[in-house]
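> The structure under discussion is supplied below as structure tokens; questions concerning it will follow.
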Amino acid sequence: MSKKLLIKTWGCQMNEYDSSKMADLLNAANGYELTEEPEEADVLLLNTCSIREKAQEKVFHQLGRWKTLKDKKPGVVIGVGGCVATQEGDHIRERAPYVDVIFGPQTLHRLPEMIKQSQTDDAPVMDISFPEIEKFDRLPEPRAEGATAFVSIMEGCSKYCTYCVVPYTRGEEVSRPMDDVLFEIAQLAEQGVREVNLLGQNVNAYRGPMHDGEICSFAELLRLVASIDGIDRIRFTTSHPLEFTDDIIAVYEDTPELVSFLHLPVQSGSDRILTMMKRPHTAIEYKSIIRKLRKARPDIQISSDFIVGFPGETDKDFQDTMKLIKDVDFDMSFSFIFSPRPGTPAADYPCDIPEQVKKERLYELQQTINAQAMRYSRLMLATEQRVLVEGPSKKNLMELRARTENNRVVNFEGSADLIGQFVDVKITDVFANSLRGELVRTEKDMDLRSVISPTQMMAKTRREDELGVATFTP
């Protein structure tokens, strides 16, 4: 009988990526199979996020529910990982002594040994250190789960914005070697992945070492990923304005695989608030980046992050943010009311903004961006859009769900053999959170590159001399 593993994940796409790697690692090392039923699980892992308010209490509430299961089934292993584990490791040991394993984002590769050790030790096993990029050397080969895949290319952040815990929970910026990133993506492409999303807390700060000792820039990496057979779409998240350099913008001019959609957080449109946040750019500098991007790629759409109610934010500061939103014409956003994160400088800033004012500002901001997003969606009506078919529709299992370049879900009628392929659809209706389309053409009628695996490519160019020594022509 196989052992069962349950992983509950909160937070960003990096956490989702980490959780998938935990599952692969424990399956490869110990044969654990995933389950969604806590009662079935032999190992319960909680991958946490400390960005939002009351993150710690949310963790302890979940652990309390799992303690009930452990009381009934004493052999169950409970583990806590992610950013809250890094921040609150000692506190978790004190308040929840029944937790067996505590690990950070950079030590998840040690999970098999930690779980094994916890089964013989009375005290919780804890490792929340920052061993740089070691975890990627210990993970099993990537396993595709559909036509899209996330690939982490760097970890941590060195910007130390005053409101953010990431540098304290994930460490400073460390980039994976270029060859490792390309090899992982090539492996995924061989398994049918067509779209890759490059991940990092500050992804465009990527500076990956190459085999010859040189450093690969993010712009160079984008072009190299685009050259991999089978990869027809590239996304990346999350980027920072400081590192959004002209060489990256130039990639938008000559690399069609890079989608015409960018998430570029700005947080505020007020220069005064940006200074208090320790954001190293002004609103005008941010708009300058957007102008250059739209010159390189006129149809690009932009999404962003916003924090309202930051300590000291005045009505004028907020109106500056609203002006930026309208000037840039953002398509989407992740927007939140400021919540102080323990251990960050902004947690000590005095704040006398009434809660009702914060809520009203957030509502106004979200309504404005939602209206802009709906306008963009309506402009797509009656147009043809190239979409990647991701799977069955979540609303109607007899239909298919696909995604546009600008990150909109399109539901349409089509056969299951289209899953994992690109198709062209005509947009026939627009809704708040999705579009409806009609199938126009399938991939066989498109002029896409043929997918040739490395094995097939080498077989085509293999030449042997009289001694049987093979050579290959790239």
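The backbone N, Cα and C atoms fix where each Cβ goes, glycine too.
Just lifted these from Swiss-Prot, have a look:
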type	residues	note
DOMAIN	3-120	domain 'MTTase N-terminal'
BINDING	Cys12, Cys49, Cys83	[4Fe-4S] cluster 1 binding site
DOMAIN	143-375	domain 'Radical SAM core'
BINDING	Cys157, Cys161, Cys164	[4Fe-4S] cluster 2 binding site
DOMAIN	378-441	domain 'TRAM'
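I'm curious about the neighbourhood of these features; can you describe it?
Long-range C-beta contacts of Cys83 ([4Fe-4S] cluster 1 binding site), restricted to its own chain and to partners at least six residues apart, with a cutoff below 8 Å, comprise Gly11, Thr48, Cys49, Ser50, Ile51, Ala55, Gly104, Pro105, Val165, Val166, Thr169, Arg170.
All protein chains shown were included, and the count of other CB atoms within 10 Å of the CB of Cys164 ([4Fe-4S] cluster 2 binding site) stands at 22.
Within the model, the domain 'TRAM' (378-441) shows a mean pLDDT value of 96, rounded to a whole number.
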> According to DSSP, how is the domain 'MTTase N-terminal' (3-120) divided among helix, strand and coil residues?
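Per-class counts: 63 helix, 23 strand, 32 coil.
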> How many Å separate the Cα atoms of Cys12 ([4Fe-4S] cluster 1 binding site) and Cys164 ([4Fe-4S] cluster 2 binding site)?
14
> Please give me the CB contact count at 10 A for Cys161 ([4Fe-4S] cluster 2 binding site), counting all chains in the structure.
21
> Could you give me the DSSP helix, strand and coil counts for the domain 'TRAM' (378-441)?
5 helix, 33 strand, 26 coil
> Which residues, same chain and not among Cys157, Cys161, Cys164, have a CB within 8 angstroms of the centroid of the CB atoms at the recorded [4Fe-4S] cluster 2 site?
Lys159, Tyr160, Tyr163, Val165, Val166, Pro167, Gln201
> CB neighbours of Cys157 ([4Fe-4S] cluster 2 binding site) within 10 A?
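Its Cβ has 23 other Cβ atoms within 10 Å.
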